[in-house]
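Q: Below are the features listed in TrEMBL for this protein:
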DOMAIN    18-122  domain 'Fumarylacetoacetase N-terminal'
BINDING   130, 217, 219, 251  Ca(2+) binding site
BINDING   132, 146, 258, 262, 368  substrate binding site
ACT_SITE  137  active site, proton acceptor
DOMAIN    165-426  domain 'Fumarylacetoacetase-like C-terminal'
BINDING   251, 271, 275  Mg(2+) binding site
C-alpha cells in the first residue's frame, strides 16, 4: 500500500507525505522564523519537533539545525542528515505512527494551518547563478532575431542576435552569469517595473524610462547543500550529493534594458531588479520517482561533464497570467523540466571546475525552460515572437507585461495516486517608482 499520513491530504494536493518539501515560516507576524515542512494544508513546525526530542537519529539528535531562522545549517549537513530527517518525518506523519497522531498537545503546537503562516525565503542566499540550459529556448530566440536559416550555426554554437545582444548556447558547456542575490524575493512579493536606458535611434542619446518590454522567465532553481573548498572542483558523478532540492523560479527580465547593456559583460540592470522564488524546496529524494532520461547530448561532453547516469525530472510546469483588472487567470504556457539540455549535476560540476567554491544556500537557476511546441515556450519574448504576435488573454492582448498583471508559476509530478508539487511562484507588476 502507498504510504499515507494521519493528516488528511486531498488527492490533488501538492504536499502529500511522499513530498514533504522544506520551507521557512512565521506562524504569527511577531514570531521568530523557523523551518517547516508542508503536509496537506498544514506546515509542520520543525522547531517544535526538534524541541520535543523527536529528531533522535545519530546525526540530528544533538543538532540545533531546526532551531535556526533559515535552512542553511541543515543544508550544510549533507545527504545522510537529509535522509535521516526525511525517514523520521515520514514515519512521524504516517497513519500507523502514534507519536504525533495521538499527542494532542504536540499536534496543536507543531501543526499550523498553511493559510495562517507567513512564508519567507527558506535559505540565506550568498550567491546566485543563472544558467542557459534550454536548447529550445536558444533555438527559438535565434529564429526570432536571425531567421530560421541561421538559428543554428554549423559550429554548434547558437549565436542569438538580440538587437545588439549576442548570447550563446553551447553544446560543449553550460554557460551562466552571476546574478544578484539581494533582489531574490519570496512568492507574492510585488515587482516594481524597472527603469533604465534603451537602445537609441541613429545618433540620438539613449532614451531613459520604465521598461516597455517586461517579461517573465519560466525557470527552476537548484539549492546547494554542502559546498566545496576553494580550488577543489566537485566531480559530476558526486554533484547530486551537493544539491538539496529544487524550487520554482521566475527570473523577471526587462528585454529592452537588457538589449542595450548586454555587450560586453552580460546581464545587469535588465535582470537584477527582481527574481521570485516559490516558498518550498522539493528535495531530490522526493523527485527520484520522477527521474527520466536527459536529452542525448551531441557532441559528447568533455570528460569532466560526462555522467555515468544522466537524468532529468518529469516535472510539469505551467504559467498563468491574470491581466490587470481581471478576476481570472489565463494559462499561457505548459512546459516541462525534462526539456533541459544540461542537467542540474552538470551545471553544478561545471560551476566548480575552475575551483570556484559554492556554499550552502547558493542558488543555481536553470535558465528559461522552453519545450519543442508553441504552447511550451517559457517567456513572452518567445510566445509573442518579440511582440510581433500579441498573446490573447480572454479578451485582452499582451506583447509584454503591463502594470497590474500577475504571473503565477506552478509545477508538479504525478505519482500513482499522489502528486508531488512545488506550490506556486507568483508576482504582480506594479508601476515604476520615479
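Quick reminder: no glycine exception, Cβ is built from N, Cα and C everywhere.
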Q: What does the structure give for the C-alpha distance between residue 262 (substrate binding site) and residue 275 (Mg(2+) binding site)? Integer Å is fine.
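A: Residue 275 (Mg(2+) binding site) has its Cα 18 Å from the Cα of residue 262 (substrate binding site).
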Q: Would you list the other residues of this chain near Mg(2+) - those whose C-beta lies within 8 angstroms of the C-beta centroid of 251, 271, 275 - in sequence order?
A: 130, 179, 180, 183, 217, 249, 250, 252, 253, 267, 272, 274, 365
Q: I'd like to know which of the recorded positions 137, 258, 368 sit within 10 A of residue 219 (Ca(2+) binding site) at the Cα level.
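A: Candidates kept after distance check: 368.
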Q: Rounded to a whole angstrom, what is the C-alpha distance between residue 368 (substrate binding site) and residue 217 (Ca(2+) binding site)?
A: 5
Q: Within a 10 Å radius around the Cβ, which one of these recorded positions has the most neighbouring Cβ atoms: 137, 271?
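A: The largest 10 Å Cβ neighbour count belongs to 137.
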Q: Rounded to a whole number, how many Å is the Cα of residue 271 (Mg(2+) binding site) away from the Cα of residue 137 (active site, proton acceptor)?
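A: Approximately 17 Å lies between the Cα of residue 271 (Mg(2+) binding site) and that of residue 137 (active site, proton acceptor).
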Q: Residue 368 (substrate binding site) has how many other Cβ neighbours within 10 Å of its own Cβ?
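A: Taking every protein chain into account, the count is 29.
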Q: If you count Cβ atoms within 10 Å of the Cβ of residue 251 (Ca(2+) binding site), leaving out that atom itself, what do you get?
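A: Result for residue 251 (Ca(2+) binding site): 25 neighbouring Cβ atoms inside 10 Å.
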Q: Indicate the candidate from 130, 219 with the smallest number of other Cβ atoms within 10 Å of its Cβ, considering only these binding-site residues.
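A: Result for the binding-site residues 130, 219: minimum number of other Cβ atoms within 10 Å at 130.
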Q: Quick check: with 130, 217, 219, 251 left out, which same-chain residues have Cβ atoms within 8 Å of the centroid of the Ca(2+) site Cβ atoms?
A: 218, 221, 249, 250, 253, 275, 365, 366, 367, 368
Q: Counting Cβ atoms within 10 Å of each candidate's own Cβ, which of the binding-site residues 132, 262 comes out highest?
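A: Neighbour-count leader: 132.
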Q: Would you kindly give the Cα-Cα distance separating residue 275 (Mg(2+) binding site) and residue 251 (Ca(2+) binding site), rounded to the nearest Å?
A: 5
Q: Looking only at the domain 'Fumarylacetoacetase N-terminal' (18-122), how are its residues distributed among DSSP helix, strand and coil?
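A: For that range the per-state counts are 43 helix, 22 strand, 40 coil.
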Q: Let's check the environment of residue 217 (Ca(2+) binding site): how many other CB atoms sit within 10 Å of its CB?
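A: Other Cβ atoms found within 10 Å: 25.
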Q: With an 8 Å cut-off on Cβ-Cβ distance and a minimum sequence separation of at least 6, pull the same-chain contacts of residue 275 (Mg(2+) binding site), or say none.
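A: Set apart from residue 275 (Mg(2+) binding site) by at least 6 residues yet with Cβ under 8 Å, we have 128, 179, 180, 183, 184, 185, 249, 250, 251, 252, 365.
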